[in-house]
Amino acid sequence: MIRALWAEWKKVQWWLVGILAIVGPGLSVLAGRAALEINPGGMDEWLWMYNMTVQYYCWLFFPVMVGIFAALVCRYEHIGGGWKHLVSLPVSRTQIYLAKGFTVFFCAGICQALLLIFFVGMARVSGLEGEIPWEMLVKGILKGLIAVLPLMALQLWVSFLWKSFGIPLAVNIVMALPSIFASQSEQIGPYYPWSQPFMAMMSGESSIPMETLLYVIIGGFLIAGIGGWQHFVRRDVTE
């Protein structure tokens, strides 16, 4: 398993991952900071800036970035015809699948960590008063990382299916757009993978219940993860 992870690590275009991990969270935090000017009043500035940052981040960047990461870990094999060579190595297909999944999850974790760092830094520079609400921030970051698991597994499955880097990305963007509306519905949002990170990370009355986080999101991850894994281990690799 370690060998499979190391092989994936060497193939990833980390410069591109770094750019995405900086630009997405960075722009979201800037948008959240700008939203302080339209705070209706009465709401804690930390909470307002955080929720507005999450809104921009989860609607515009996070799901799309996860889709790009999933496409990146499969791109090397697709463009070089390397699937046949990869599965011929003394590493099981299950280990290959898990290694690619862990790599995508790690990239998503980098994005979440940078979002937290950028947010706290911008809040302090902007002069937000009071203690840093670490509990709210850390819980939101971790819940978002868990909530993106179904989407991550689904995007990895799609990336296995299509050689083109553009098709999985286009599918991800098209499916991300309805999340803006789906996340406003308590009946639809929790079950729509592209809106789950938003609902999980939001703090306050609109946040997703822990029961839904555990049962729906983890259940969706298992369904998409097992489906993608079974497809990968049983597929007939010809190139």
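Placement of Cβ uses the backbone N, Cα and C atoms for every residue, glycine included.
Whatever TrEMBL says is automated annotation, not expert-curated.
Since this is a predicted model, take the numbers as computed values, not measurements.
So that you can see what the record holds, here are the features copied from TrEMBL:
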TRANSMEM  12-34  transmembrane segment
TRANSMEM  54-76  transmembrane segment
TRANSMEM  97-121  transmembrane segment
TRANSMEM  141-162  transmembrane segment
TRANSMEM  169-192  transmembrane segment
TRANSMEM  212-233  transmembrane segment
Paired segments the transmembrane segment (12-34) and the transmembrane segment (169-192) in contact, 3+ CB pairs under 8 A: no
Residues of the parent chain within Cβ reach of the transmembrane segment (141-162), under 8 Å, 6 or more residues beyond its termini: 54, 58, 62-63, 66-67, 70-71, 73-74, 100-101, 104-105, 108-109, 112-113, 115-116, 168, 171-172, 193-194, 196-197, 199-201, 208, 213, 217-218, 220-221, 223-225, 227-228, 231-232, 235
Sequence-remote partners of the transmembrane segment (54-76) [C-beta within less than 8 Å, at least six residues beyond its ends]: 8, 11-13, 16-17, 20-21, 23-25, 27-28, 31-32, 82, 100, 103-104, 107-108, 111, 115, 140, 144, 148, 151-152, 155-156, 158-160, 165, 168-169, 171-173, 176, 179-180, 183, 193-195, 197-198, 201-203
